[in-house]
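Notes for the one structure printed next.
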Amino acid sequence: MHFTFCIFGEMLAQRAFHHFLKQSDMTRWESYIVSARKVLEGYDGKLPLHHFLKDFFKARPQMGSRDRRWITQLVYHYFRLGHWRKDSLPVEERLLAGTFLCEQTPNEILALQKPEWNEKVTLPLPEKMKLLGITEAAIFPFMGYLSAALDGKAFVNSFFSQPRLFIRVRRQQQTAVEKRLQEKDIDFETPAPGCISLPNGTKIETILPEKSWYVVQDASSQQTGNLFQARAGEAWWDACAASGGKSILLRDKCPEVNLTVSDIRKSILDNLQHRFADARIDGYKGYVIDLSNPFSSPDFKPLMFDGIIVDAPCTGAGTWARSPENLFYFSESQLRRFEMLQRNITTNVVPYLKKGGQLVYITCSVFASENESMVQWLEANTSLRAQEGGLIQGMGQGADSMFAVRFVKEG
Ligand SMILES: C[S@@+](CC[C@H](N)C(=O)[O-])C[C@H]1O[C@@H](n2cnc3c(N)ncnc32)[C@H](O)[C@@H]1O
């Protein structure tokens, strides 16, 4: 009798415990969805999403790292669906559809909210899209604007996973860097000499404390450096330098190049100065210049350059797998705006290029108007003649896609 009571009591206790567990799980997952919704209600696409999320979590210190991770994932999943039923699908439904497409392993959130999807979460992406009735064209209704060489389907499919982290190893430290990565059991690949591909989210700054050994730079961005044909003693100008990624690459390829950098705001050049200090790059000149209009300044020297890099402001479409919020907020009107800016910036630097000098035009876009059509326009309207280069498709190796062409100024 006593035995039966014990068993029965234990069964009741167990049932109560499981009920409690289920309740608390429900609450936790539901609260993640509520928090993701709160992020989406406050976000308007103006700030990079990762900055907005940083501030959101800063204001909510009670959230642990697991909470932050899941809420972040959910919000990113939401944006990865791009323009598919953008204005008609309830937020919760979109969060779950995004989770189904982006996750590859069964997870608690789908188990609780959409168990029938959770069972199929391991299916390949095209099958999952078919199941939900989603097409590539619905996610990205701008296929007609893409560079002809781009594999549009692969491009859209790439939105559903976060690209990898790439570093470029500097100062002959390849062996030392690889040794550190092995010691920390990091699963890395070396797709090209000096280029290391790491799982996204790798805290590389804690693994490699010596900052001058490497720069974080996407594999496709590293590849643009193949077009910098600089020789010792030449004067080169990185006209849209930002934090100096291309300038560091140029100096690493040709340390004796005489370097000038410019960008539109002083704060950007301040940032570049810090990055150059970390990379031990010195002996350069920096100017704040708005290149959207013709400019002249008595201080700007040297007046003529052997090489100019125009890493132009652009839609950034080749990087949208990293920042899918930009895919979500993209509209065709941006194309015309960037096209005009790119034309103006490039034509305004050409007078500073020596005859026979080279100009490397770069974008991280995959739209023809910013890329191939821009090359045609520049050839028709300036003395620049395209020599080599084109689209760099990074999707196959979990990298960004870019476009880079080397021109020579006709003599
Ligand atoms: C694609 S980013 C350059 C990235 C950089 N070269 C690198 O490798 O890290 C484009 C840069 O162009 C600058 N820019 C935008 N409008 C400009 C203008 N009117 N004149 C000069 N620079 C401009 C932006 O501030 C931005 O830093």
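Using the three backbone atoms N, Cα and C, a Cβ is placed for every residue, glycine included.
Residues or ranges marked as active site, nucleophile by TrEMBL: Cys364. Secondary structure at Cys364 (active site, nucleophile), taken from DSSP and collapsed to helix, strand or coil, is coil. Shown in sequence order, Ser220, Ser221, Cys314, Gly316, Ala317, Gly318, Thr319, Asp400, Ser401, Met402, Phe403 are the residues of the chain, 6+ apart in sequence, with a C-beta less than 8 angstroms from the C-beta of Cys364 (active site, nucleophile).
Taking a C-beta cut-off of under 8 Å and a sequence gap of six or more, Asp311 (S-adenosyl-L-methionine binding site) has these contacts in its own chain: Thr224, Asp238, Ala239, Cys240, Ala241, Ala242, Gly245, Lys246, Ile362, Thr363. In the three-state DSSP assignment, the secondary structure recorded for Asp311 (S-adenosyl-L-methionine binding site) is strand. According to TrEMBL, the feature S-adenosyl-L-methionine binding site maps to Asp263, Asp290, Asp311.
Among the features that TrEMBL reports, domain 'SAM-dependent MTase RsmB/NOP-type' is placed at 142-411.
For the binding-site residues given as Asp263, Asp290, the lowest number of other CB atoms within 10 Å of the residue's CB is seen at Asp290. In the three-state DSSP scheme, Asp290 (S-adenosyl-L-methionine binding site) is classed as coil. Each residue in Ala239, Cys240, Ala241, Ala242, Ser262, Ile264, Ile268, Ile289, Leu291, Pro313, Ile345 lies on the same chain as Asp263, Asp290, Asp311 and has a C-beta within 8 Å of the C-beta centroid of that S-adenosyl-L-methionine site, without being one of the site residues.
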